[in-house]
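*Asks:* One structure, pasted below without further comment.
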Amino acid sequence: MTGPEHGSASTIEILPVIGLPEFRPGDDLSAAVAAAAPWLRDGDVVVVTSKVVSKCEGRLVPAPEDPEQRDRLRRKLIEDEAVRVLARKDRTLITENRLGLVQAAAGVDGSNVGRSELALLPVDPDASAATLRAGLRERLGVTVAVVITDTMGRAWRNGQTDAAVGAAGLAVLRNYAGVRDPYGNELVVTEVAVADEIAAAADLVKGKLTATPVAVVRGFGVSDDGSTARQLLRPGANDLFWLGTAEALELGRQQAQLLRRSVRRFSTDPVPGDLVEAAVAEALTAPAPHHTRPTRFVWLQTPAIRARLLDRMKDKWRSDLTSDGLPADAIERRVARGQILYDAPEVVIPMLVPDGAHSYPDAARTDAEHTMFTVAVGAAVQALLVALAVRGLGSCWIGSTIFAADLVRDELDLPVDWEPLGAIAIGYADEPSGLRDPVPAADLLILK
């Protein structure tokens, strides 16, 4: 291959730093490490557990020893430290904190501290790493890299591992894009989190119960490009796992209704038939009276049939408007609005079918029964529009067939009691659009 390799292809040592004190707020971490590891050399990587940095920087919070009270405070601190909750599992919260770190409990930790304390992460771990690096250079005359670590879980895999939350003096990432492997294959997306690999390796020496919060990785070819651990964080817009599964499903449910927009310009991309069929199947679960199925969707799949129907409807609409006395230019503008049904990749006509409707001897109840069935079909239409939207398909409901019911039945050879309730243009939107804003209820929600 060509280009620098992050691996050493030689022996790497991981050395414990023995004899460090129990750190307390105000302690000089660089002085303690220099005293315990005077053997540090240029090019070493000093790997430090974030907990001792937190202790030295006074990031300890007094806590009650009563387990319930301690847990209550811990949860309050998590709430304070987190900027958002990604996922919940029983009592465990996966959060993003102000640093952009995604981990359990926003880094609030009660391990390896006194029972009357809880620890928070350092305010700026990258700055802490730079300070420690400068202090070791001043005291020992060596140029080292520093990695500050914390324990994190991983998506897809059980168990935790240490990762870098602060870094100074090394390239935290190695991007292999464009580099060729020994077989001549170009690497496309490979980017190695070098600082995280160092953090995980050092944890094999530091452990969790060894009272060894600092280790030194020796023999690794360090290159300093000025990057810090912040470069390891993937911003939310680029994160494929921005939410936990349950939370993503919940957000999807909340946004489903707002995805529906009236789309009037479609791309030429074909619409997969199975998506339309699946959306119709969901739409038919809409509420209906008397356990009936009053909705039918007529899918105009044959281009000639669609064109013939729309041409006849256009002629009728133009004739009606002429009878109304509208000027020719106004008529053509009104008629042109129906062009969407010609242009849309797919068109579906919702129908009211009175199967199962109750018969009454009086007009009032007969009209009410018809209204009830009309509402049911309207619910199915809205359900279809939403079902299409959640599948990435745009749609627009057009009322035109209501004004030409006899014509529609005749052209499509449908029973005389089937009532067209508009037409639905379907396709992929020509331009993407975001969620609709909810309409303020205000005067539209009447309270009695």
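Cβ from N, Cα, C; glycine included.
The GTP binding site annotation in Swiss-Prot covers Leu20, Pro21, Glu22, Phe23, Ser50, Lys55, Asn112. What Swiss-Prot lists as divalent metal cation 1 binding site is Asp109, Asp150, and the listing cites sequence analysis. Feature annotation from Swiss-Prot assigns divalent metal cation 2 binding site to Thr151. What Swiss-Prot records for Arg260, Arg261, Ser262, Val263, Arg264, Ala288, Gly399, Arg436 is FMN binding site, and it gives experimental evidence as the kind of evidence. For Asp320, the entry in Swiss-Prot reads coenzyme F420-(gamma-Glu)n binding site, with the evidence type experimental evidence. For 1-244, the entry in Swiss-Prot reads region 'Coenzyme F420:L-glutamate ligase'. The region 'Dehydro-coenzyme F420-0 reductase' feature in Swiss-Prot is assigned to 245-448.
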*Asks:* Quick one: among the binding-site residues Thr151, Ser262, which has the most Cβ atoms sitting within 10 Å of its own Cβ?
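*Replies:* In terms of Cβ crowding, the pick is Thr151.
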*Asks:* What is the interatomic distance between the Cα atoms of the residue listed as 'divalent metal cation 2 binding site' and Arg261 (FMN binding site), given in whole Å?
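*Replies:* Each residue's Cα considered, the residue listed as 'divalent metal cation 2 binding site' and Arg261 (FMN binding site) end up 44 Å apart.
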*Asks:* Which whole-number mean pLDDT does the model give the region 'Dehydro-coenzyme F420-0 reductase' (245-448)?
*Replies:* 96
*Asks:* How many Å lie between the Cα of Glu22 (GTP binding site) and the Cα of Gly399 (FMN binding site)?
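*Replies:* A Cα-Cα distance of 77 Å.
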*Asks:* How many Å lie between the Cα of Ala288 (FMN binding site) and the Cα of Asn112 (GTP binding site)?
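*Replies:* Per the Cα atoms, Ala288 (FMN binding site) and Asn112 (GTP binding site) stand 62 Å apart.
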*Asks:* Quick check: of the binding-site residues listed here (Arg261, Gly399, Arg436), which one has the Cα closest to that of Phe23 (GTP binding site)?
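*Replies:* Checking each of Arg261, Gly399, Arg436 against Phe23 (GTP binding site), the shortest Cα distance is to Arg436.
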*Asks:* In DSSP terms, helix, strand or coil for Glu22 (GTP binding site)?
*Replies:* coil
*Asks:* Counting other Cβ atoms within 10 Å of each Cβ, which of the binding-site residues Ser50, Asn112 scores lowest?
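*Replies:* Minimum Cβ neighbour count within 10 Å, taken over the binding-site residues Ser50, Asn112, occurs at Asn112.
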*Asks:* Between the Cα atoms of Leu20 (GTP binding site) and Asp150 (divalent metal cation 1 binding site), find the distance and write it as a whole number of Å.
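*Replies:* It is 19 Å, counting Cα to Cα.
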*Asks:* In whole Å, how far is Asp150 (divalent metal cation 1 binding site) from Asn112 (GTP binding site) when you measure between their Cα atoms?
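*Replies:* Asp150 (divalent metal cation 1 binding site) has its Cα 13 Å from the Cα of Asn112 (GTP binding site).
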